[in-house]
Amino acid sequence: MIFRTIRIRDADDARLKAISKRLGLALSLDEMKAVRSYFERLGRDPIDAEIHAVAQSWSEHCSYKSSKYYLKKYLGSLKTDYTILAMEDDAGVVDFDGEYAYVLKMESHNHPSAVEPYGGAATGIGGIVRDVLCMGAQPVALIDSLFLGDVSSDRYEGLLSPRYIFGGVVGGIRDYGNRIGIPNVAGSLYFDKLYNSNPLVNAGCVGIVRRDRIVRSKSYKPGDVLVLMGGKTGRDGIHGVNFASTTLGKVTKSSRLAIQLGNPIVEQPMIKAVLEANDAGLIRAMKDLGGGGLSSAATEMVYAGGFGAEITLDDIKLKESNMSGWEIWISESQERMLMECYPEDVEKIRQIAEKWNLDFSVIGQVTADRRIRVYYKKRKIIDMDIEFLDDSPVYQRPYRIKEVEKSVTVPQEPEDLNSFVRDFMARLNTCARFNVVRQYDHTVRGSTIVTPFVGRPNKETHADATVIKPLENSMRGLVLTSGSRPNMVSVDPYAGTLLTLAEAYKNILSTGGRPHSVVDALNFGNPEREEIMGQFVESVRAIGDFCRKMGLPVVAGNVSFYNEYRKTDIMPTPTIMMVGLIDDVRRSRTTYMKGSGNAIYLIGEPCDNLTGSEYSRMHGYTDGFLPAPDLDELTRIRDFLSSKADMILSSHDVSSGGLFAALSEMSFGSGIGFHVDISNVSAARPTVKLFSECGNGLVLEIAKDKEEQFVDGSNGLAIKRLGETGGDRIIVDEAGLNIIDVAVDDLRGAWEHGLDRYI
């Protein structure tokens with residue numbers, strides 16, 4: 001059957017809802033009424049391909065209908081003079097050195113990873129690479145931030161085991177990224193039972209492109225030819241964006257069919273082919289076929305240019321010969337790219353596709369009118385006003401802001417801190433990530449200067465950020481970091497999001513870079529619930545306030561709503577990917593202690609608050625007053641570190657696990673111990689000083705002969721000398737009394753093997 005007519009003009013409310021449910025449209029009653037009114041004006045009922053096209057374009061995933069208003073309100077003006085493209089195309093573009101630009105994007109692939117962890121995570125990597133590639137850029141680095149369930153829990157009815165999801169997600173990222181030859185260099189991993197049903201897979205990518213070879217995702221001229229290159233089109237991923245725009249139910253056959261199937265063996269030559277065609281100047285515009293498939297890609301590209309399109313589906317290479325027109329139109333099969341070119345360049349691109357053994361089809365042309373017309377087997381299956389398709393409803397949903405707690409709860413002190421810190425450093429959210437991250441290739445392109453792990457052989461520790469040298473003939477580098485603080489955002493969405501951004505900022509400073517740009521992936525529950533919408537609004541407001549204060553552009557983003565199962569929402573999780581610049585990668589700093597007899601300093605005013613910390617959560621406390629970071633102080637820290645860069649041997653930010661975790665991780669990278677006295681940090685209890693995670697703290701290692709020069713000119717910045725490096729033990733005193741004394745290797749063993757039994 002070529003097409004069916006869907007009778008909606010005479011449908012009452014009940015029938016409209018039934019049509020939406022039966023066809024998997026995920027459109028509300030009001031939206032179905034708007035579709036009915038449109039076709040009433042046309043004097044006909046829609047063809048199946050037309051109503052499916054509307055559902056794709058109007059899905060939460062594609063349209064941002066619940067978030068667009070607030071994103072524009074708080075983030076719309078965040079550009080700088082070095083911003084090239086922000087919030088306009090498939091990825092953000094930022095100047096790198098005047099001649100080259102870097103391209104960056106982060107996307108979520110949450111619902112697919114809940115249903116098919118391996119495939120969902122793999123296609124998340126493939127899709128984000130194509131978002132960067134379609135701007136004409138060579139992908140140079142992958143980033144992934146993962147938020148997974150309690151891996152010790154049993155299978156839930158209708159859901160997959162969190163441990164199974166863990167293994168599948170890591171395996172999908174590993175296999176896709178390693179096979180396409182792009183290093184996976186940065187990210188984060190967080191566990192909580194609230195992610196049991198809704199794991200979050202936030203994938204990011206950074207690329208490099210010559211400024212005169214940047215490709216836009218908008219059409220240029222009527223008469224230009226539209227071509228499709230890459231893999232074949234199949235039934236995999238049909239209704240993927242609709243599925244991603246609703247709450248999760250049980251894992252079923254239909255939900256599995258909404259998952260795309262990735263093939264890195266096609267993606268890798270497609271990267272080569274696209275870059276070859278772009279280097280030859282053959283591509284006028286380009287868009288990845290991601291969520292919504294050809295329907296979204298073609299409509300969005302010509303709409304952005306102010307045009308329309310006429311498209312024929314017959315020559316598209318199919319995985320299954322009996323596919324209907326609407327299935328071809330909305331298929332989300334992976335590894336496909338839509339390109340616009342001059343008519344005289346079609347054969348040149350075809351030859352490049354054949355060289356790399358890729359499928360190639362001429363599918364249509366750009367038209368001057370603002371309509372989209374699609375033909376299949378000599379029948380017109382779509383004839384619609386493109387503005388109606390692409391101008392989805394925009395909702396200003398009501399929201400309620402959580403009342404800020406005034407109290408501060410301090411858990412009881414452990415009787416034996418030596419025993420406690422062994423258990424603490426082995427916890428899921430404080431232990432080493434070696435088992436996961438070592439499955440990824442960090443150095444495949446030969447451009448990774450600082451890898452995710454740094455230190456002496458067999459004594460490695462975590463880096464704060466990684467450094468990539470994207471150009472062969474330049475020492476200029478990109479500093480990359482990504483993560484979120486859902487434990488803090490859950491307590492106070494505004495302050496918690498500021499702390500997320502502050503941590504990313506400190507990670508880049510700690511590595512020797514200067515923060516340069518931001519992208520986000522905002523993961524929340526059901527926006528139809530006022531408290532969830534309130535979390536989102538406060539989080540976006542915090543991103544705007546932070547970036548405006550610190551002079552950073554927000555150049556791209558992604559919103560993932562409806563992350564709930566049976567009215568249980570995820571923790572609000574705004575993931576921040578921040579990119580910094582470093583003028584000379586040879587001046588990068590790392591986190592491990594470099595030698596014995598060096599001084600240890602803490603800079604930044606202590607927070608003296610355990611709210612949201614791993615220490616508090618370990619004791620069952622999840623609420624309380626959460627102070628926002630002092631951004632004026634953070635600015636002073638930035639300037640101070642820049643002026644003292646040559647004196648700093650190593651540095652590490654104070655964040656997850658607090659001051660004790662920061663000091664210990666610095667020690668683990670070399671096996672060198674330390675002896676500190678924390679009595680001058682503040683007047684708070686020892687556990688508060690050791691395990692507080694808020695504030696702007698960084699720990700620095702300074703050579704003894706540079707100390708006087710280092711502390712000179714601090715301009716009121718809080719700088720506390722804690723002690724010295726040396727020996728093979730971790731020793732912490734309070735006012736001259738010893739409170740912790742453990743062997744470095746003993747504590748490292750607990751930290752290093754915390755994940756062993758789960759993956």
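The backbone N, Cα and C atoms fix where each Cβ goes, and this holds for glycine too.
As recorded in Swiss-Prot:
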| type | residues | note |
| --- | --- | --- |
| ACT_SITE | H61 | active site |
| ACT_SITE | H109 | active site, proton acceptor |
| BINDING | E107, N558 | Mg(2+) 1 binding site |
| BINDING | S108, H109, N110, H111, R130, Q260, E332, S333, Q334, S560 | substrate binding site |
| BINDING | D131, D288 | Mg(2+) 2 binding site |
Worksheet item: If H, G and I count as helix, E and B as strand, and all else as coil, what does DSSP give for R130 (substrate binding site)?
Response: helix
Practice prompt. Can you grab the distance from E332 (substrate binding site) over to D288 (Mg(2+) 2 binding site)? Cα atoms, rounded to a whole Å.
Written response: 10
Worksheet entry | For R130 (substrate binding site), the one of H61, H109, D288, N558 that lies nearest, given that the recorded positions are compared by Cα | D288
Item to complete: For D288 (Mg(2+) 2 binding site), name the DSSP secondary structure in the helix/strand/coil scheme.
Response: strand
Response to the item:
Given the binding-site residues S108, N110, Q334, N558, the candidate whose Cβ has the fewest other Cβ atoms within 10 Å is N558
Practice prompt. Calculate the distance in Å between the alpha carbons (Cα) of H109 (active site, proton acceptor) and N558 (Mg(2+) 1 binding site), and round it to a whole number.
Written response: 10
Item to complete: For E107 (Mg(2+) 1 binding site), name the DSSP secondary structure in the helix/strand/coil scheme.
Response: strand
Discussion item. Please identify, among the binding-site residues E107, S108, N558, the one with the smallest Cα-Cα distance to D131 (Mg(2+) 2 binding site).
Written reply: E107
Worksheet, complete the sentence: In chain order, residues whose C-beta lies under 8 angstroms from the C-beta of D288 (Mg(2+) 2 binding site), counting only those at least six residues away in the same chain, are D90, G127, R130, D131, L133, C134, A297, R336, M337, L338
Worksheet item: Does DSSP give H61 (active site) helix, strand or coil?
Response: helix
Fill in: Cα separation, the residue listed as 'active site' to N110 (substrate binding site) (Å, whole number)
11
Fill in: Cβ neighbour count within 10 Å of E107 (Mg(2+) 1 binding site)
25
Worksheet item: Between S108 (substrate binding site) and N558 (Mg(2+) 1 binding site), what is the CA-CA distance rounded to a whole number of Å?
Response: 7
Item to complete: Would you identify the secondary structure of Q334 (substrate binding site) according to DSSP, in three states?
Response: coil
Worksheet item: In angstrom units, rounded to an integer, how far apart are the Cα atoms of E107 (Mg(2+) 1 binding site) and H61 (active site)?
Response: 11
